[in-house]
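**Q** Quick one: the structure is below, questions incoming.
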Amino acid sequence: MLPCMVVCRKSHCEDGERAGEREGRSCPSPVAGGDLILHTKKTHSCRRTYGSLSLVRIRVIARTVSSLARRKVKRLRDSRLPDLSTRGPELRLLAGMQAGHGDWFADDALEMVQEGTVIKIGNFDKAVTVFEGMVEKDVISWSSMVDGYCKKGRLSEARELFGRMPERNVITWTAMINGYMKMECFKDGFELFLQMRREDSVKLVPNTLTLIFDVCGRLGRYKEACQFHALVFRVGFDFDVFLGNSVITMYCRLGCTDAASTIFHIMEKKDVVSWNSLVFGYVQAGQVEEAYELFKEVPEKDVVSWTTMITGFSNQGLTGKSIELFKMMPEKDDVAWTALISGFVSNGEYEEALFWFILMLEKAVRPNPVTFSSVLSSAAGLATLNQGLQIHAHVLKLCMEFDLSVQNSLVSMYSKCGSVNDAYRIFKSISTPNLVSYNSMITGFAQNGFGKEAILLFKKMQDEVLEVNEVTFLGVLSACTHVGLVEEGWNYFKSMRLTYKIEPGPDHYACMVDLLGRAGLLDQAINLISSMPIEPHSGVWGALLAASRTHLRLDLAEVASQHLSELEPNNATPYVVLSDLYSVSGKKKDEEQLRIAMKSKGIKKSPGCSWITVKSKVNLFLSGDISHVSFEDIRSILWIIVDEMKQD
């Protein structure tokens, strides 16, 4: 049964105290009023406690609308409600609270506990019902409802209510302005702000500007940010810690670290948030050296300070410095461990990520969903299904199998490890799949050759009018390539611009060139490349080169090789492919010249690579490499196998 809140008098707390002792906890201390105590128990315990209250008059005073719209339970003070005793149990409870009927209140409250219909904190629809039934409404109740409508995204209703208000204070104006800003209705928000400034009775307070700074930073509104910053000086506000921190954070989010640094240094008082905000701003802008110099000056570093700096080094590929900093941390929480592990994953150091994850478990630090998402990506990057299965087992053990980010990572991991059935099983278990869920499954189908299944899943997205993005189409075009659906691929490619207003990127063009090339339509492929509004990257020319090799089109292979060599001078692929085509075409002289040019430039072909996991350790083998510690033993076994094969 679900836990519920039990209300009792302090003088009648003996039953609750004994119940608490049985559950291994002590009776909570009284609330501020002095005569009420709150317990959390199971429903059967509630019944006993409420039974003991049947002859006790209970007085609960709270504010009616604030308790619902502002998601907090507060005391009702002299609010006169309409007759609610004939309504449902939730509203009858309010009537009982107002009338102060002890027996009736206890019985009805118990009924609501048993039915699971206790008034839910933050139930906005009920707040609307109560508000409309109120005879007298003060500015707090009006403001709470305006704020509630804004948070629900119902701006027109919020503005209508705002217009009906007999009086407004700065909190009301701030709630309405903030509602407009967060819904990106900047014009309406700014006009309302100017209107507020013309109201003589409303005095601008720093909190209003703090909310606006937050929105400008999050939504990248640089011009408006500067205007509001100028207003701070014009009004004459002091840069206290709270206001100063909000301005620093805003400029950091906008990428203006110089402006943020200026504000930081003119602040007379700074707290750890001030330091962390600027360090984070430098990290976000890729200025890791500046971030580290400032980090060393932080007087009292907290976990956020250390974690931000670890992330900064990882973002620059300096995982060695991340490890060094991590080891220096006085206290390490799950976020710090996750930051370190995620850094390894983002830099392709999958084995290191798994090593530190195991160390995290040995230190008895509980992983969070982000940790699992990162290590599942490591297992996917190494294509080690066994590691992925073990991580999945930990997910189940810690009851995180229904976390959406973890589910999406599981879909991706199983797909990349070739276990498409398991990936689809996880996908089907997601109660409400999001865009990442669909993209992971479509890409998984496409990568494993299940092109038709990928396209069917995409059509399901279309039928349900779900959001799609560039990654979705990348998976769909890849699926068309594997199945050879040229016409369908063209249609999907064209629909990106015409239907979904998505501009195709270089990767989408590379998929189309690959699709046309595999179908032997190389002239269409080169025409498509010529029509590209953006510069083709190596993937586009690589797809054309591969198709040219398959269909023995030496002319197009020479074009593709030239462009590929310009983009990637140390890539041996264009030399090798072109050399093979010269050989097939009987152009021995051109083949020899190409090999000499390749050798003079010091370009070497990348060796073949394979790996195997033995006793939880990944063993990597390169073509021609004899550095493995067990090389002699492996060679002896191989000779034995070869001899046995010859005898057979």
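The backbone N, Cα and C atoms fix where each Cβ goes, glycine too.
Any TrEMBL annotation is an automated prediction that lacks curation.
Pulled these from TrEMBL:
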REPEAT    138-172  repeat 'PPR'
REPEAT    271-305  repeat 'PPR'
REPEAT    333-367  repeat 'PPR'
REPEAT    434-468  repeat 'PPR'
**Q** So which of 138-172, 271-305, 434-468 has the most C-beta pairs under 8 Å when paired with the repeat 'PPR' (333-367)?
**A** 271-305
**Q** Which residues of the chain, 6 or more past the ends of the repeat 'PPR' (434-468), have a CB below 8 A from one of its CBs?
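**A** Long-range Cβ neighbours of the repeat 'PPR' (434-468): 404, 407-408, 411-412, 414-416, 418, 420, 423-424, 427, 474-476, 478-483, 485, 488, 500, 502.
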**Q** Count up the helix, strand and coil residues in the repeat 'PPR' (271-305) according to DSSP, in that order.
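**A** Its residues divide into 26 helix, 0 strand, 9 coil.
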**Q** With helix taken as DSSP H, G or I, strand as E or B and everything else coil, how many residues of the repeat 'PPR' (434-468) land in each class?
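**A** DSSP composition of the repeat 'PPR' (434-468): 26 helix, 0 strand, 9 coil.
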**Q** Helix, strand, coil: count each for the residues of the repeat 'PPR' (333-367), based on DSSP.
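**A** DSSP classes over the repeat 'PPR' (333-367) add up to 26 helix, 0 strand, 9 coil.
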**Q** What is the pLDDT of the repeat 'PPR' (333-367) when averaged and given as a whole number?
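**A** Mean pLDDT for the repeat 'PPR' (333-367): 95.
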